[in-house]
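Swiss-Prot annotations:
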type	residues	note
SIGNAL	1-17	signal peptide
DISULFID	Cys118-Cys292	disulfide bond
ACT_SITE	Ser203	active site, nucleophile
CARBOHYD	Asn316	N-linked glycosylation site
CARBOHYD	Asn361	N-linked glycosylation site
CARBOHYD	Asn453	N-linked glycosylation site
COMPBIAS	488-497	compositional bias 'Basic and acidic residues'
COMPBIAS	498-512	compositional bias 'Basic residues'
Amino acid sequence: MMYASLVHWLALAVALAVPFVTALGSVPYPQDDPFYYPSENGWQNEAPGTILRQRKIQAASLGIFEWKLDAWQVLYRTAGARPDKPSYTVTTFLVPSHAHRDRVVTISSPENSNFIQCAPSYAFRKTGVLEIANFEPRWEQMLYTLFLAEGWIVNAPDHEGPESAFSAGRFGGHMVLDSMRAANNFKPLQLSSNPMHIGHGYSGGSTPNGWAASLHESYANELNVVGWSLGGSMTDPLYTLNSLDGKPTSSLVVAGAIGLMDAYRDEVGNLLDDEVWTEEGKIAEKVMRNSCVYESVIRYFGTTFQSERYIKGGRNLSSWPQMRKISNMNTMGHNPRFTPRKPIFMFHALYDEEINWHQANKTAVEWCNNGANVRFLTYSSTSLVHVTTYLLNLPYIVQYMRDRFNGKDWYGGGCQFDVESQNPALDVNVLGERFRGILEAALDMLGKEIGPNDSILKNRLKAGQNPNTHHKTKLHVLKKGDISPGEGGDHTKESKKAAAKFKAEKKHGKHH
């Protein structure tokens, strides 16, 4: 989910760039590109992960800066909100030079929109003009070099599918898992007979990624998944949407409601139009269906949507039973049956201003209660927020993936909840190493060959950047029947009280 701190400086740029880009872009938008749709009838009868179309592309950053690697896109058969509901979507494969053919990292980029034009796959294309309107997936794509430099093949699915079903986790989970199947089936990748997969997603990408972890055992257990990484996790849809209302990125309240309803339209029909929205609400929905996240955020910056102006009677979205039912179905940890069975690294800022810490922590605890293997790292500094927490954790994410690909537990296994109380940004050495690496990696992809033989990440992950040794205070190790995860959250009255309680307990030695 993205991100109030970037909206201000993007507002003018987007306003000026959108007409220019729309007029001059040389690559058709997804809604106008036949590649995004099956060419023949009968695709519904194909197995999930079957390749329906394929093409080689020139990958680029911001539409013009070419990436020096091999890139393909495939349209593949997948499933929608339920395993028996056939669907299709596109994924993008990035292959670095000297790639390890047995290691694939699947990245769920945040899209946070109800418009197929905002799909990550389109953001990878070289269009010939500077593209910044759909900045949500583009900024994260600039960080992919961190994984490509390791020699790992990157798989980046359009996890919202043709419906652009933002916040519908199960829907996206199927599409993530089937993108892994598609990778295994795609011969040009030349993968080994049983390649290892790791899934990663932050913020809006954590939802499909977390659900892929949850559905792996029941839906695609033949996949050799060795781990999952997720942070800033939106694990409870309605909880998150309610907490965002009236905040800078409040347009996501409408976008999230639309996404949930679109994923289950055969069950709920036109609930939003028939029962929920006022005329102003319908206008807002139309805006969401025709814009990417920054455009909608700028237009509705700080709007309170759960009010009489947008919702009939000024009701809360949770007051509709259908909405509660679907949200519960898409809440991670709600159903013990869908518990991840592969190691998970989760991280979250205690004072995350976008996605409340409580819901992610609750999900981790519930997963642990049901036998999952979770390492949950909390950042308790008030100065660490949504975006900076992600950037500062990139070395940790890479280290976790390295260890998992090499068969290591990374931290000893089981469930473990830790807190890092010192802001890493206050440590000049860590700040310099982390951000220099990120910046160098981003710049490196502009004109150089990308792969493990370049100079970017060599010796990047030193002991000072490993969460097992750096500024880590062990909060508690979870044991069977002994779950006590502490308190924290955003700056609401309830969360401030909880955070104060946590600090008091820590001071008196209850957390050590």
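The count begins at 1 with the first shown residue.
Glycine residues also receive a Cβ, built from the backbone N, Cα and C atoms like all the rest.
A quick note: this is a predicted structure, and the numbers were derived from the prediction, not measured.
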The residue listed as 'active site, nucleophile' - helix vs strand vs coil (DSSP): helix
When distances run from the Cα of Cys118 (disulfide bond) to each of the recorded positions Ser203, Asn316, Asn361, the nearest one: Ser203
Number of Cβ atoms other than its own within 10 Å, given for Cys118 (disulfide bond): 28
Integer Cα-Cα distance in angstrom, Asn316 (N-linked glycosylation site) to Ser203 (active site, nucleophile): 23
Whole-number Å value for how far Ser203 (active site, nucleophile) lies from Asn361 (N-linked glycosylation site) (Cα to Cα): 14
Cys292 (disulfide bond) CB neighbourhood, other CB atoms within 10 A: 24
Recorded positions compared (Ser203, Asn316, Asn361) - the one with the fewest other Cβ atoms within 10 Å: Asn316
Asn316 (N-linked glycosylation site) - helix vs strand vs coil (DSSP): coil
Where Asn361 (N-linked glycosylation site) sits in the secondary structure, as DSSP reduces it to three classes: helix
Cα distance (Å, whole number) from Cys292 (disulfide bond) to the residue listed as 'active site, nucleophile': 16
